[in-house]
Amino acid sequence: PLSAGLDLPGRFLFATLTLMTLIAILVFIEEAVYIYRKIPSSKRSIIIWINAAAPVISTTSCIGMWVPRSTMFTDFTAGIFFAIVIHKFLIMMIKECGGQKVLLRQFENGHFTISTGPCCCCCLCLPRVPITRQTLFWLKLGTFQFVVFRPVLIFLSIVLWTNGNYVLYNLSPKGPALWISCFIGALTLFALWAVGIMFRKVRILLKCKNIIPKFALYQFIVILNQLQTTIINIFATQKIIPCAPPLSSTARGSYIAQQLLIMEMFLVTVISRVVYRRKYHDPEPPECAAEEPGDKKQTP
């Protein structure tokens, strides 16, 4: 059993991380009750989904920490949930503007700036795209494709893994892991690009709704859940993270990634409670919609 291979500091660390996961779940439940009571039904489920991202990732990491053989399934579960959250965040920005019709009316003669990260931040020569019903459809499709294709690719990976053909840390060109990972990476970039285009346009309009710190938390989850874990796994496969019997390099890398995610997602959960804990009103007050970057005064 796992506990038999842990010394006293190791057991204390595992117990502390498990306690942090439980606290994160309780904080989310309390926040979900608050959102259910205070936020209009049109936005309620979307905001609960977004707030659930950090506790779910923390929970899957905790399960993977205690049951190492479940790492493949816990990582895939967190990946599927995160794909849904990316799409929900885009929909939330549209909802916070009053819905698609209000957004189109608000930016009737506006344009989207598509030279933004993570795909085209250096391509400043790209033309600006008019804000129409069709361009909004393409932005929503950019995140929705991630919700559809990532579970399909993950299901394919599990099927190949059970047959012994898929090895997570084998990045050989002859193996399927490299190609599936590259395809998932490309889908991720397109989804994040769509969210970035929308945020760049509405960040001033939604400044009074804390959209900037909300987007910062969302980006923080992206970096930690995707980039940090990938870097640690690469270090483990290259033996930069040394083995410590009975754990191999890859197993140690997986433990390190999971333990870091538990601590980081605990902090994100607590901060999200502060950022999202505000009373929403429908319709929105006029001073909120009329706010401009240079305004320093607000109508009481």
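Backbone N, Cα and C define each Cβ position, glycine as well.
Nobody curates TrEMBL annotations by hand; they come from automatic prediction.
Feature annotations, courtesy of TrEMBL:
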- 12-34: transmembrane segment (TRANSMEM)
- 46-67: transmembrane segment (TRANSMEM)
- 73-91: transmembrane segment (TRANSMEM)
- 137-161: transmembrane segment (TRANSMEM)
- 176-195: transmembrane segment (TRANSMEM)
- 215-236: transmembrane segment (TRANSMEM)
- 256-276: transmembrane segment (TRANSMEM)
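Relative to the transmembrane segment (12-34), the listed stretch 256-276 leads the set 73-91, 215-236, 256-276 in CB pairs under 8 A. Same-chain residues lying 6+ beyond the ends of the transmembrane segment (215-236) with a Cβ under 8 Å from its Cβ atoms: 50, 53-54, 57, 75, 78, 82, 85, 89, 168-169, 188, 192, 195, 199, 203, 249-250, 252-254, 256-257, 260-261, 264-265, 268, 271-272, 275. Counting only same-chain residues 6+ beyond the ends of the transmembrane segment (256-276), those with a CB under 8 A from a CB of the stretch are 13, 17, 20-21, 23-24, 27-28, 30-31, 35, 47, 50-51, 54-55, 57-58, 61-62, 64-65, 71, 210, 213-214, 217, 220-221, 224-225, 228-229, 232-233, 241.
Nonlocal intrachain contacts for the transmembrane segment (46-67), taken as residues 6+ away from its ends with a CB within less than 8 angstroms of a stretch CB, comprise 2, 14, 17-18, 20-21, 24-25, 27-28, 31-32, 35-36, 39, 74-75, 77-78, 81-82, 84-85, 88-89, 91-92, 95, 214, 218, 221, 225, 254-255, 257-259, 261-262, 265-266, 268-269, 272-273, 276.
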